[in-house]
Amino acid sequence: GGWRCGRGADGAALRWCITGVLCASFLGLGLGVAVLGPTLPNLAANVHKNVTDIYYIFVGRSLGYLGGSVVGGVLFDCMNASLLLALSMLATTAGLYAIPWCKEPLLLTALMSVIGGSMGILDLGGNVLALNTWGSEAGPHLQALHFSFAAGAFAAPLLAKMALGGSEFEELPGAKKTNQSVLTDLPVPTASAASTAPALKDHQDEDFLWSYIIIGTYILLISIFFFVLYSKGSSAQDKSKASAKKGMLAKYHWPLVGLLFVFFLFYVGAEVTYGSYVFTYAMVFAEMKESEAAVLNSVFWGAFAVCRGAAIFGAAFLSPATMILMSLLSSTASSTALAFFAHYRALLWVGTAVYGASMATVFPSGISWIEQYTVIEGKSASLFVVGAALGEMCIPVTVGYLQGKFNHVPVVTYSAFVTSAMTLLLFPIMYKLAKIPQENDLKEVSDSETQAALLSNSRLTEDEEDEEDVREWNDADLEVIEMNDKLKNSLRDTSRKIPGDSPAEVSLQPHVDDVLGDSPVVAGGSPGRQNGNVDLEKNE
């Protein structure tokens, strides 16, 4: 018993270790994604281009991310999760170390694709490994992962500012917009590139290298931890758990995953779009000063990060469906205020904060929610991660294009309202679809219970029949014993009538003893009865 307790404690400790390493890796993922914003002018200067001319590095990173999500989905189903995550983080480290020394635009784009691919694998693998490790208890752990990402994205601009000696303070607003974005850095760096270029020329190149080297080294350390987990065989048991659950696939598994793909496309697209363009929107439509617009942008991401932190504890008490519904209702209410009542300055501030907070928990809660109804493995997870990546790519570009076409219309806030309405409509459909198989399962369960009851009843009737047979045999044996007693008494009576020690008594007594002592009276045993009958015949 003590050994079993020890094994259980070791298993729990290993699961917490996996969560810890995954959180640390997602912090690194956030740092790696967000450091691009404040260092973009340096990278542009390195390849002798303007900031506006290297937009294709974001496209390269997005395509890499999509590729990583798809390839990762296939690899996770046939390879150890910890090993794959360790290798993907090594690739990220190599890319981060190489980027600051890159002098060719094409090579820079290729490196960005490699980093994007390894980040896609990490994003997918982290969610799948957390689900496999914790199962139905994964809610708070998934929230912790995504909070770590937000914290990393928030910390990266500060790290870059320290490495650059404070000369790029103006880049901070743009950098904060890079959280989870792929095309988000374009509006602000273009505005401030001209003012920061002279400062950059005077700056030592080594300063800006440090932010990449620090983040690369941090990610290298995390990859070592993944190799340690691999040596412990952490995900072997998780694979067996996952394969054991394969029979629990929902009846409408792929339609459900497909709907979640569309749901995440709209949700992540909305989150990145507002985070990208709120700075520009505040300056153009709300006529704010640059510093005030930067604060509004920080309010959005600050509320986002704080709510993700709070959701770690909230997920322990609230079901994923409740959290999603609360988030969707909040985002719809706040986006309505932003779209139609943003001319009230107070509503713009409150709406932005509530919108940021309501966006925070949807992605991790969505993954926790679908895991309750069906099995999420590599291929299924890759589909909705790809959906999120496509939303991240397409919706900000579409909104940017429309905003350029319709200068006087606040397309940003209208798009926030439309995407919120879409997600609010999609979730009840997904919920209904997820519940259908459960009703069928209940029927199956009731059928199996009926069969079990019938089987147990048939067993009971068989047992009752056996008991009746036993009772019949016992009654027969008792009759034999009673007859034997009568016979014995009658023999004794006759022996008393014969005077002296007549040979009849001697000769008859052994027969009586034979009848009483030797006849085996066995409950339900017919031989005893047969022997008794033979002896009686002899006596007669």
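Backbone N, Cα and C atoms are what each Cβ position is placed from, and that goes for glycine too.
As recorded in TrEMBL, the features of this protein are as follows:
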type	residues	note
TRANSMEM	12-34	transmembrane segment
TRANSMEM	54-76	transmembrane segment
TRANSMEM	83-100	transmembrane segment
TRANSMEM	106-132	transmembrane segment
TRANSMEM	144-164	transmembrane segment
TRANSMEM	209-231	transmembrane segment
TRANSMEM	252-279	transmembrane segment
TRANSMEM	348-370	transmembrane segment
TRANSMEM	382-402	transmembrane segment
TRANSMEM	414-434	transmembrane segment
REGION	444-471	region 'Disordered'
COMPBIAS	448-459	compositional bias 'Polar residues'
COMPBIAS	462-471	compositional bias 'Acidic residues'
COMPBIAS	489-499	compositional bias 'Basic and acidic residues'
REGION	489-540	region 'Disordered'
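In this chain, the transmembrane segment (252-279) lies in contact with the transmembrane segment (414-434); the count of Cβ pairs under 8 Å, excluding pairs fewer than 6 apart in sequence, is at least 3. Put simply, of 12-34, 83-100, 106-132, 209-231, 252-279, the stretch with the most CB pairs closer than 8 A to the transmembrane segment (144-164) is 12-34. Outside the transmembrane segment (382-402), and at least 6 residues removed from its termini, the chain residues within Cβ reach (under 8 Å) are 62, 65-66, 69-70, 72-74, 120, 123-124, 127, 180-184, 186-187, 257-258, 260-270, 272-273, 276-277, 363, 366-367, 411-412, 415, 419.
Taking Cβ pairs closer than 8 Å, the transmembrane segment (209-231) reaches residues 17-18, 21, 24-25, 28, 31-32, 35, 38-39, 80, 82-83, 85-87, 89-90, 92-93, 96-97, 99-101, 156, 159-160, 163-164 in its own chain, all 6 or more past its ends.
A Cβ distance under 8 Å defines the sequence-distant neighbours of the transmembrane segment (54-76), meaning residues of its chain 6+ beyond its ends; these are 36, 40, 43-44, 47, 84, 88, 105, 108-110, 112-121, 123-125, 128, 182-183, 185-186, 377-383, 385-386, 389-390, 392-393.
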